[in-house]
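A.B. asks: Sharing a structure with you now.
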Amino acid sequence: MRLEKYQNVQDGRLKHAGHDYLELAETYGTPLYIFDEASFRERVKGYQQAMETPYFETEVLYASKALLTKAIARLISELGIGQDVVSAGEIFTGIHNGVNPEKMYFHGNNKLNQEIRYAIENNVGTIVIDNRMEVERVNQIAGEVGKKQRVLLRLNPGVEAHTHEYIMTANLDSKFGESVFDEAIDTVIQRLATAENLNFAGFHSHIGSQIFEEASFYKAATELLTFSAAVQNKLGIKIEEINFGGGFGVYYTETDQPFNVVDFLPNFIEHVHAEAVKLEINLKKVTIEPGRSLVNASGSTLYEIGDLKHTAGGKDYAFIDGSMNDNIRPALYQAKYEAMVVNKAEFPAEKTYTIAGKACESGDKIIENIELPELTTGDLLLVNGTGAYNYSMASNYNRIPRPAMIHVIEDKHYLTVKRESFEEMMMREI
Ligand code: LLP
């Protein structure tokens, strides 16, 4: 397993910023989500600095669907980063934990009327309109609330990025956004710009997630700016802001080769500026909204090994006390992960295991064919790179309670999510 900066091997054991994983397991139990706060803060600041430019205002928004808890919301607020939200639930969590709603961008196809109303009444800064029917709904509700609502339009620029089909969002048949190739697109934009209760500021696009080619982002930017210029020239509508979405790929295993986002961003901003100047677009603001690349590497999950099984077919299973309930990604996207036995950090890898969860589902395997030291019941297995889309996609399948989460910051660690109880699982049931 590739170690993160905050991890190192001491006295034959893997440690997290000097904390022994065995002690963390004793204190909080397993399975346990562990979040390294210092590395998250550092990454957020790095992105913010890398976006700084004299050309226009820039803002980094955090795509909170990747991981959102009260503690994460408080960090968003403290770091002054904007929040990309996709539901009233995410807005609620943000504003109840100090996030400035003016810095929120509200996304989603089929936002419900009550969600739109909730957002407008609570001063959510920007609503990213997803389709032409939503234009009318937001306009109407803004009128009822008595506000002029700032909006962007989500465009689908038709740029194909190579990623898993389920997380590819910008192909022609995508459920998200209005296609730049749609014959009615001009009418939609004209309506947006003239709707009495809307303040149309520009465009948004998000071409997909876990993308490794910088070229895809440059291409999408060029397409969007070219499209914006056509809108200005043809329709006389000014484009002030473009939000380029998220999607920067991260490392899970050796086959992933992500680019360095902090090195990429200044070049990307230069590219956007140069194209905007060439096309005579007076851009006032540029935003990005990464989720995974900001949180993933800060998160890991600690499991205890239970039974071991050698099958008649010759396969060696090691069962963990967690499951697809705490990490659905391998079952849903064939996602790959690396892991390490924290109490056998210096033992040679000598056996091939399939790490399977305890849920009643054959596909509940967290890692297939990983080389590890000979395992024994009670060993602790750490899976890295689980910060994004693990806790946020967790479920109670099989009535398995969701794990606890802790944050580690330098010499301290503290609980941010309590382990779910059986009573809590029944709480809303009558
Ligand atoms: N902006 C929009 C409009 C999005 O739809 C998404 C992700 C993001 C930003 C953040 O993308 P990121 O930087 O995290 O790649 N559950 C899947 C990923 C779904 C992504 C959905 N949209 C997974 O576990 O891989």
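Positions of Cβ are set from backbone N, Cα and C atoms, glycine also.
Keep in mind it's a predicted model, so treat the numbers as computed, not measured.
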A.B. asks: Of Y303, Y317, Y389, which does TrEMBL put in the substrate site with R292, R329, Y333, E361?
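C.D. replies: Checking Y303, Y317, Y389 against TrEMBL: the substrate site match is Y389.
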A.B. asks: The pyridoxal 5'-phosphate site in TrEMBL includes E289, P290, G291, R292, Y389. Which of G236, G247, G357 is also listed there?
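C.D. replies: For the pyridoxal 5'-phosphate site that includes E289, P290, G291, R292, Y389, TrEMBL also lists G247.
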A.B. asks: So among the binding-site residues Y333, Y389, who's got the most Cβ atoms within 10 Å?
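C.D. replies: Highest number of other Cβ atoms within 10 Å: Y389.
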A.B. asks: Give me the Cα-Cα distance between C360 (active site, proton donor) and G247 (pyridoxal 5'-phosphate binding site), rounded to a whole Å.
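C.D. replies: That separation, Cα to Cα, works out to 32 Å.
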A.B. asks: Compare the C-alpha of E289 (pyridoxal 5'-phosphate binding site) with the C-alpha of each of the recorded positions K65, R329, Y333, E361, and give the closest one.
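C.D. replies: If we rank K65, R329, Y333, E361 by Cα distance to E289 (pyridoxal 5'-phosphate binding site), first place goes to K65.
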A.B. asks: Round to the nearest Å and give the CA-to-CA distance linking Y333 (substrate binding site) with Y389 (pyridoxal 5'-phosphate binding site).
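C.D. replies: That comes out at 12 Å between the alpha carbons.
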A.B. asks: Determine which residues of the same chain, besides G247, E289, P290, G291, R292, Y389, have their CB within 8 A of the center of the CB atoms at the recorded pyridoxal 5'-phosphate site, and list them by sequence.
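C.D. replies: In sequence order, the nearby non-listed residues are A63, K65, A66, S209, G246, F248, S293, L294, A388.
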A.B. asks: For R292 (pyridoxal 5'-phosphate binding site) and K65 (N6-(pyridoxal phosphate)lysine), determine the Cα separation and express it in whole Å.
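C.D. replies: On Cα coordinates alone, these residues lie 9 Å apart.
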